[in-house]
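Asks: Sharing a structure here in structure tokens format.
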Amino acid sequence: MLVYLAEYLTRFHTGFNVFSYVTFRAILGLLTALMFSLWWGPKLIERLQLMQIGQVVRNDGPESHFSKRGTPTMGGLMILGAIFISVLLWGDLGSRYVWVMLFVLGSFGMIGFIDDYRKVVRKDTKGLIARWKYILQSLAALIIAFFLYTTASNPGETQLVVPFFKDVMPQLGAVFIVLAYFTIVGSSNAVNLTDGLDGLAIMPTVMVAAAFALIAYLSGHAQFANYLHIPHLPGSGELVIVCTAIVGAGLGFLWFNTYPAQVFMGDVGSLSLGAALGAIAVLVRQEILLVIMGGVFVMETVSVILQVGSYKLRGQRIFRMAPIHHHYELKGWPEPRVIVRFWIISIFLVLLGLATLKLR
């Protein structure tokens, strides 16, 4: 929004032209989201406590989690609020990339909000019925996938980028819709499964978003894109604003979510952030890279699939409890140790993912 004001003011002083630079607006977007989160955080936490909107803890979970019962949840509202304000202020509202991301965050945030509402207000630990949650997620993801496919303006927007192979970028055609759908829904649920310990989900989310900010910037410049053999996507630089807003909002939330957590993000945060990462990966044509950089999310999801599959087929469990972070808790690892080690894994995987841009 301020881009248009700055464009007008540039007529009177050329100094305002600095607002036309994506990098400058990205930094301001990060700082805006961070400061808003830090400012609104205590107020939101106090409000959630007064409304008795506290975490519902399963009785069959680790005993160490029983002390978390009643901790304010739905803190994802803080994250979403910070992202929306930052993007609306510093993003180019004429960009379809911006509006796609706001739709993703808003729609999946609403699904998560309904789920959290049923859990904390109606005291239903299962929340929104799984079938309805999946239907709503699918509807939102398909709307996004169809929109992106039908409005694609250049071949690069529907290519599949394969890491390590510079000349392997097949055109997907209508398969793009299927891939986009599974990427967005899968990423949304993967982050949701990871959000089980204090700060466990938000830090990898911040790291992946920061990496995608760089990739979006490179994709928006023809010279960088050609040099790295990635699709040149004009206008994708506006995704940098969204990514840095996620980074700022995430760091602000981590201030209150770090162990021992004062607030949890709830499904309103995890479902929307996961979907956002998936949508960004689709927009910059890096779905496979998301699997690498978001390896912690993949690991958590695969552990659940293996656990359920093994129990149904063989009647035996592979892990003491799934997702896998609970397995390590039950092995005796203190919660902070599990969290920090998963963060370290995430740092390694994000750096590995970025390295693939050059290793082709």
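Cβ atoms are placed via backbone N, Cα and C, with glycine included.
This is the feature table in Swiss-Prot:
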type: TRANSMEM; residues: 26-46; note: transmembrane segment
type: TRANSMEM; residues: 74-94; note: transmembrane segment
type: TRANSMEM; residues: 97-117; note: transmembrane segment
type: TRANSMEM; residues: 132-152; note: transmembrane segment
type: TRANSMEM; residues: 168-188; note: transmembrane segment
type: TRANSMEM; residues: 199-219; note: transmembrane segment
type: TRANSMEM; residues: 236-256; note: transmembrane segment
type: TRANSMEM; residues: 263-283; note: transmembrane segment
type: TRANSMEM; residues: 288-308; note: transmembrane segment
type: TRANSMEM; residues: 338-358; note: transmembrane segment
Asks: Using Cβ atoms only, state whether the transmembrane segment (168-188) and the transmembrane segment (132-152) have three or more pairs under 8 Å that are 6 or more apart in sequence.
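Replies: Yes, since the transmembrane segment (168-188) and the transmembrane segment (132-152) share at least 3 Cβ pairs closer than 8 Å, they count as touching.
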Asks: Test the contact criterion for the transmembrane segment (74-94) and the transmembrane segment (26-46): 3 or more CB pairs under 8 Å, pairs 6 or more apart in sequence, then answer yes or no.
Replies: yes
Asks: Report, as numbers and ranges, every residue of the chain located at least six residues beyond the transmembrane segment (263-283) whose Cβ falls under 8 Å of a Cβ in that stretch; write 'none' if there are none.
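Replies: Here the qualifying positions are 41, 44-45, 48, 55, 68, 71-80, 97, 100-101, 104-109, 111-113, 115-116, 119-120, 127, 137, 140-141, 144-145, 148, 179-180, 183-192, 194-195, 201-202, 205, 208-209, 212, 216, 233, 236, 239, 242-243, 246, 250, 253, 256-257, 289-290, 294, 297.
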Asks: Please identify the stretch among 97-117, 132-152, 338-358 with the greatest number of Cβ pairs below 8 Å relative to the transmembrane segment (199-219).
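Replies: Looking at each of 97-117, 132-152, 338-358 in turn, the most contacts to the transmembrane segment (199-219) are made by 338-358.
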Asks: Six or more residues beyond either end and a Cβ under 8 Å away: which residues meet both conditions relative to the transmembrane segment (338-358)?
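Replies: Tertiary neighbours of the transmembrane segment (338-358) are 163-164, 197-200, 203-204, 207-208, 210-211, 214-215, 218, 228, 230, 259, 289, 292-296, 299, 325, 328-329.
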Asks: So which of 97-117, 236-256, 288-308 has the most C-beta pairs under 8 Å when paired with the transmembrane segment (26-46)?
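Replies: Out of the listed stretches, 236-256 contacts the transmembrane segment (26-46) most.
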